[in-house]
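What follows is a short report on a single structure.
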Amino acid sequence: MATAGEESQTQAGRHQEVGHKSLLQSDALYQYILETSVYPREPEPMKELREITAKHPWNIMTTSADEGQFLNMLLKLINAKNTMEIGVFTGYSLLATALALPDDGKILAMDINRENYELGLPVIQKAGVADKIDFREGPALPILDQLIEDGKQGSFDFIFVDADKDNYLNYHKRLIELVKVGGLIGYDNTLWNGSVVAPPDAPLRKYVRYYRDFVLELNKALAADPRIEICMLPVGDGITLCRRIQLSI
């Protein structure tokens, strides 16, 4: 029978196996998903951008290929036309969105680093979807406040957030106003490398440990928000979909 110490070590070791490629505990199973249904159907521009991003020193920040495929299909299913993305990086998820939208679809994209976006921009332009994107460099909160001041409440069909986790709740307070009733907000990284269930003494990378409490706080708040229906999925690093069902509290 395992002792408490042995069990703690087992849990910590198990946590180390989770999250470095996906939340699946088997790399072989994740590779099977990628090689069977993701990579063979990945649009050529997305493949090119994924390979460019893989060479970036911060490549861990990119949306995974399976999540990109999921977002692309989701946007088609809900017939999204007017969308927003907070946190762009090199633009992999942005490209997945742009390819899914109709010719007159629009994406308001925000990131504090234009340089990373411009790394992927030639691929986006070659794919013929750059005209759908309105990129704004800088913090998102002032832009969101201005949208509300300009009367843009309820004007977005879909909003994807993959940015600074310590601001997720601040974003939510504003995005719930900007997404339409029946529209979706997708919060990325809501299982945060699996750390949301890691024991207190688990060996976590510094940035994972720092943002863990913010992710836990967000998850708790979303679960209690009566204005939305939610669905948390173990795709990529965890994504929580929030469907707005109520105008206000």
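Placed from the backbone N, Cα and C atoms, the Cβ positions cover glycine too.
Summary of the site annotation: Swiss-Prot records divalent metal cation binding at D188, N189. Screening the candidates D162, D164, D166, D213 against this entry identifies D162 as the one listed for that site. Residues T63, E85, G87, V88, S93, A140, D164 are recorded by Swiss-Prot as S-adenosyl-L-methionine binders, and the candidate that the same record lists for that site, out of D103, D104, D111, is D111. Each of the binding-site residues T63, S93, N189 was scored by the other Cβ atoms within 10 Å of its Cβ; the lowest score goes to N189. DSSP assigns S93 (S-adenosyl-L-methionine binding site) to a helix in the three-state reduction. Considering only the binding-site residues T63, A140, N189, the residues lying within 10 A of D162 (substrate binding site) on a C-alpha to C-alpha basis are T63, N189. Of the residues the record lists as binding S-adenosyl-L-methionine, namely T63, E85, G87, V88, S93, D111, A140, D164, the two whose Cα atoms sit farthest apart are 19 Å from each other. The binding-site residues under consideration are E85, D111, D162, D164, D188. Their Cβ neighbour counts within 10 Å are lowest for D164.
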